[in-house]
Amino acid sequence: MNRESFAAGERLVSPAYVRQGCEARRSHEHLIRLLLEKGKCPEDGWDESTLELFLHELAIMDSNNFLGNCGVGEREGRVASSLVARRHYRFIHGIGRSGDIAAVQPKAAGSSLLNKITNSLVLDIIKLAGVHTVANCFVVPMATGMSLTLCFLTLRHKRPKAKYIIWPRIDQKSCFKSMITAGFEPVVIENVLEGDELRTDLKAVETKVQELGPDNVLCIHSTTSCFAPRVPDRLEELAVICANYDVPHIVNNAYGVQSSKCMHLIQQGARVGRIDAFVQSLDKNFMVPVGGAIIAGFNDAFIQEISKMYPGRASASPSLDILITLLSLGSNGYKKLLKERKEMFSYLSNQLKKLSEAYNERLLHTPHNPISLAVTLKTLDEYHDKAVTQLGSMLFTRQVSGARVVPLGSVQTVSGYTFRGFMSHTNNYPCAYLNAASAIGMKMQDVDLFIKRLDKCLKTVRKVQNKDSDVSGVDNYDQTEDVAIEEMALKLDNVLLDTYKDASS
């Protein structure tokens, strides 16, 4: 309602009451105006009524929501199901145009404004998280792997002779396949073992650049967030190598936004050397549905080149999800989540250390990894080669998600490349281990329940191995707790032993 509508309302209801309602609406509109003027995430989160007002105001700016619209083209925002239309807040046209995902659509001013505001808010949050000199970024409706592919394809036009991507090994399929999908040949650099940690072999990276020739190298593809005992790559040193040899540098920062250490590495790498772009997942860092990523960098022109490389229009769903989330949280709310994650990391570390020592195991010393932890499974591995995967199966059937058990000697072929010791980031790690991570949104009760179930599973696996019997024959659980879960799990334990290996990879 505008001023004229309120004035007309005063003829029907007491002017004092109408003016009060008008002032209440202005408080919502004031928040919206500040957002549009500053383009930054508000310090305090918005309530749902303000959010819905804002989204409705944007949606009615799109032509498919015009009252007198007459569409005669092939893409006119027609939606068969009203439920689908409501799910998307009636933003039907998507974002971008055929030549640029960041371009404005003439018949979708509201969606275009949503896209611009979202990218502006995300840029503000990246700066808040620690990369203060980032120049530009945009949300792309693809997960991390395909977003990395888009970066590599953009570099192809700048380096037509290049055919290789130098990649310090990390055993995660999507980042590896992102290079294959882009049509390049990954050159795998094995990590070096320093104490318990797997770290970047800088000498091998530089030697390979010299051996292949800088012009033949598309880029160095490094990683920040990863599963322990691997730790983030030595980004500063890699950035210096890239600057010295004039080789681009793309960073896979999948779930690194939630870590001040990962973001600091990116900031420092850009300060002392070269980082062209860094890619991060929306769902892992901001607790939204899977399907989006952020491509960011320190050269505005290059980030614009990447956005123009995206063919066609794009789904607005990831942009809408992250916009709603950031406006709901506010910058203070997101900072609170980051602080809580750090606290949960310390708590999880302490609890895993106590539990591991009770079973003559130990928490691996990986101080350079700020998110993931690893506990040795040496005593299990001594019993039988299937004991480790059996533990993973038991955790899975007891509704513990996210934990990874890594046995020794696993071999996996990915896109024609064979990796020995797959999942451990090296050919021969000294022991089998279990991973757990403290990611954003984790609560103390999650840690407590995980430790409780892990404790019970470790007891069960040891009894099974000692007795050489099936898991279902072991009665060591307190049946007064988690009864339904336990009954189901006991039935599934032996069935899922083999399938767990695939699920955990």
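Placement of Cβ uses the backbone N, Cα and C atoms for every residue, glycine included.
Just so you know, TrEMBL annotations never went through curation; they're auto-generated.
As given in TrEMBL:
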type    : residues             : note
BINDING : R75                  : pyridoxal 5'-phosphate binding site
BINDING : R97, S98, Q105, R313 : substrate binding site
BINDING : R271, R398, K463     : tRNA binding site
MOD_RES : K284                 : N6-(pyridoxal phosphate)lysine
Beyond the site residues R97, S98, Q105, R313: chain residues whose C-beta lies within 8 Å of the centroid, for substrate: G94, I95, G96, G99, D100, A103, G312
Rounded distance in angstrom between the Cα atoms of K463 (tRNA binding site) and S98 (substrate binding site): 62
Spatial neighbour of R398 (tRNA binding site) that is closest, considering only the recorded positions S98, K284, R313 and their CA atoms: K284
Inter-residue C-alpha distance, R271 (tRNA binding site) and R313 (substrate binding site) (nearest angstrom): 34
Residue among the binding-site residues R97, R313 whose Cβ has the most other Cβ atoms within 10 Å: R313
R97 (substrate binding site) versus R75 (pyridoxal 5'-phosphate binding site) - Cα distance in angstrom: 12
Extent of the substrate binding site in Å [max Cα distance among R97, S98, Q105, R313]: 10
Length of the line joining the Cα atoms of Q105 (substrate binding site) and the residue listed as 'N6-(pyridoxal phosphate)lysine', in Å: 30
Rounded inter-Cα distance in Å - S98 (substrate binding site), the residue listed as 'N6-(pyridoxal phosphate)lysine': 29
Which of S98, Q105, all binding-site residues, has a Cβ with the fewest other Cβ atoms inside 10 Å: S98
Neighbourhood of K284 (N6-(pyridoxal phosphate)lysine), C-beta criterion under 8 angstroms, separation at least six: S225, A254, Y255, Q258, A439, I440
Binding-site residues compared (R75, R271, R398, K463) - highest count of Cβ atoms within 10 Å: R398
